[in-house]
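*Asks:* Mind looking over this structure? Questions follow.
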Amino acid sequence: LTPTGSTSTKVELRGNVLLLECIAAGLPTPVIRWIKEGGELPANRTFFENFKKTLKIIDVSEADSGNYKCIARNTLGSVHHVISVTVKAAPYWITAPRNLVLSPGEDGTLICRANGNPKPSISWLANGVPIASKIPN
């Protein structure tokens, strides 16, 4: 079974295509099966190529991180390999801040929510100067 050993790791960027490969040899020719441990393969974004030797997941997200198991089986037995997948992401907006126009003395609220992997820190600046905050990120 290729890759060799019982486990390996793979890192992919959010939005990219994840390709996992598992090549098995044997007589009779083994049948390949893929599972995501503790979850389901994403139904509308999962494809198989090369007689299921390649698992392809398009537009990966952090939710696709996890352990993927390739199982090769024939009438004489089975072998498996687990690939631990981590999906990294540059910071992206969940809720982007919007311009706010206020009259003198008027209060306003700016909302900013971002995510990524690793999780980004959020800093607020007014005219290029950091604003001291008592509110955690």
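Including glycine, each Cβ sits where the backbone N, Cα and C put it.
The domain 'Ig-like' annotation in TrEMBL covers 3-86, 91-137.
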*Asks:* Mean pLDDT across the domain 'Ig-like' (91-137), rounded to an integer, is what?
*Replies:* 88
*Asks:* Quick one: DSSP breakdown of the domain 'Ig-like' (91-137) into helix, strand and coil?
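*Replies:* Going through the domain 'Ig-like' (91-137) residue by residue, I get 0 helix, 14 strand, 33 coil.
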